[in-house]
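Enquirer: Got a structure for you, questions after.
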Amino acid sequence: MDIKGALNRIVNQLDLTTEEMQAVMRQIMTGRCTDAQIGAFLMGMRMKSETIDEIVGAVAVMRELADGVQLPTLKHVVDVVGTGGDGANIFNVSSAASFVVAAAGGKVAKHGNRAVSGKSGSADLLEAAGIYLELTSEQVARCIDTVGVGFMFAQVHHKAMKYAAGPRRELGLRTLFNMLGPLTNPAGVRHQVVGVFTQELCKPLAEVLKRLGSEHVLVVHSRDGLDEFSLAAATHIAELKDGEVREYEVRPEDFGIKSQTLMGLEVDSPQASLELIRDALGRRKTEAGQKAAELIVMNAGPALYAADLATSLHEGIQLAHDALHTGLAREKMDELVAFTAVYREENAQ
């Protein structure tokens, strides 16, 4: 099926099969469609609502065309990632949580990009911290193996995305591609915490990841709108484990953490996000730093559980608390800065 045939189906509110979606996505991602066709396709899909079959097909093609990262093992390797688009403009929680997971003994294959709608994307934050991002796949793999955390810059590993960049930017709306980023980790991780911008996506995306071979995944959305675990409200979870998807909710009090507002955690730049994270992972001199530390723990703990390094969310949160409060997480951030500095010089030659 070509994109014209797909558009004809979509405007009549007819779904595509997985195979049909794969055919259309290959055309888009290999430069065989016009910007007008891509924009119409994305808007049509959004208005119709994407099915699990369609998302599976789109993800499969993006993974196929990605510049992958080969790791010696995927055991205990996890990604903490969100779709973004929650409008909260709080600091980069998932990036900070990645260093806590590494400090607790996990391996993090972090996949991310620059900000699209927010003030600071994961790439913006890490660049502000002095972490070199233009790494080869082999260099990322060494970061993960040696430091315990490596960052895969989406625009480096998904070069075919350039064909959809213009239409996405001009539309200025959430589209299918907002869902695809967290599902197309170049290392092929099978353990993830995926934050989404609406609760309606939790179970469908867990089902998508199940079909694509994931093993232990938490797809989450907080009742206050965050695409991650929140301190201010209950968090809805669709958990994929042992081949089954179940849904439930948790609150901070379930883990001995006090519910509180997120006031003071908003940032207006990558530098502001970095300063708050350094305080949270360090001595926590400010009230905002103390609150940020609790939010980081609330998100790092589930990642340790998804990585099967903890037998429960409660145990994962305790492990994350210990790793943050020993200062090891702050050391992991500094270690990644130093480790990637070598590659900055190497790649410049």
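For all residues, glycine too, the Cβ spot is worked out from N, Cα and C.
Remember, it's a predicted structure, so these values are computed and weren't measured experimentally.
As annotated in Swiss-Prot:
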- GLY82, ASN113: anthranilate 1 binding site (BINDING)
- GLY82, 85-86, 92-95, 110-118, SER122: 5-phospho-alpha-D-ribose 1-diphosphate binding site (BINDING)
- SER94, GLU228: Mg(2+) 1 binding site (BINDING)
- ARG168: anthranilate 2 binding site (BINDING)
- ASP227, GLU228: Mg(2+) 2 binding site (BINDING)
Enquirer: Which ones in the same chain are close to GLY82 (anthranilate 1 binding site), with CB under 8 Å and 6+ residues apart in sequence?
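Expert: Once residues fewer than 6 apart are set aside, GLY82 (anthranilate 1 binding site) is near SER94, PRO182, VAL194, GLY195, VAL196, ASP227, GLU228.
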Enquirer: Determine the Cβ neighbour count for ASP227 (Mg(2+) 2 binding site): the number of other Cβ atoms within 10 Å of its Cβ.
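Expert: ASP227 (Mg(2+) 2 binding site) is surrounded by 25 other Cβ atoms within 10 Å.
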Enquirer: Could you tally the C-beta atoms, other than its own, that fall within 10 angstroms of the C-beta of SER94 (Mg(2+) 1 binding site)?
Expert: 26
Enquirer: C-alpha of ASN92 (5-phospho-alpha-D-ribose 1-diphosphate binding site) to C-alpha of ASN113 (anthranilate 1 binding site): distance in Å?
Expert: 12
Enquirer: Can you grab the distance from SER95 (5-phospho-alpha-D-ribose 1-diphosphate binding site) over to the residue listed as 'anthranilate 2 binding site'? Cα atoms, rounded to a whole Å.
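Expert: On Cα coordinates alone, these residues lie 24 Å apart.
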Enquirer: By a simple count, how many Cβ atoms lie within 10 Å of the Cβ of ASN113 (anthranilate 1 binding site), its own Cβ left out?
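Expert: A count of 18.
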Enquirer: Tally every other Cβ atom lying within 10 Å of the Cβ atom of GLU228 (Mg(2+) 1 binding site).
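Expert: Excluding its own Cβ, the number within 10 Å is 25.
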Enquirer: Could you say whether, by DSSP, SER94 (Mg(2+) 1 binding site) belongs to a helix, a strand or a coil region?
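Expert: Looking at the DSSP assignment, SER94 (Mg(2+) 1 binding site) belongs to a helix.
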Enquirer: Same-chain residues six or more away whose CB lies under 8 A from the CB of GLY112 (5-phospho-alpha-D-ribose 1-diphosphate binding site)?
Expert: VAL81, SER94, SER95, GLY121, SER122, ALA123, PHE151, MET152, PHE153, ALA154, GLY181
Enquirer: What are the non-local neighbours of ARG168 (anthranilate 2 binding site), defined as same-chain residues 6+ apart in sequence with CB under 8 A from its CB?
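Expert: ARG168 (anthranilate 2 binding site) has long-range Cβ partners LEU42, THR175, PHE177.
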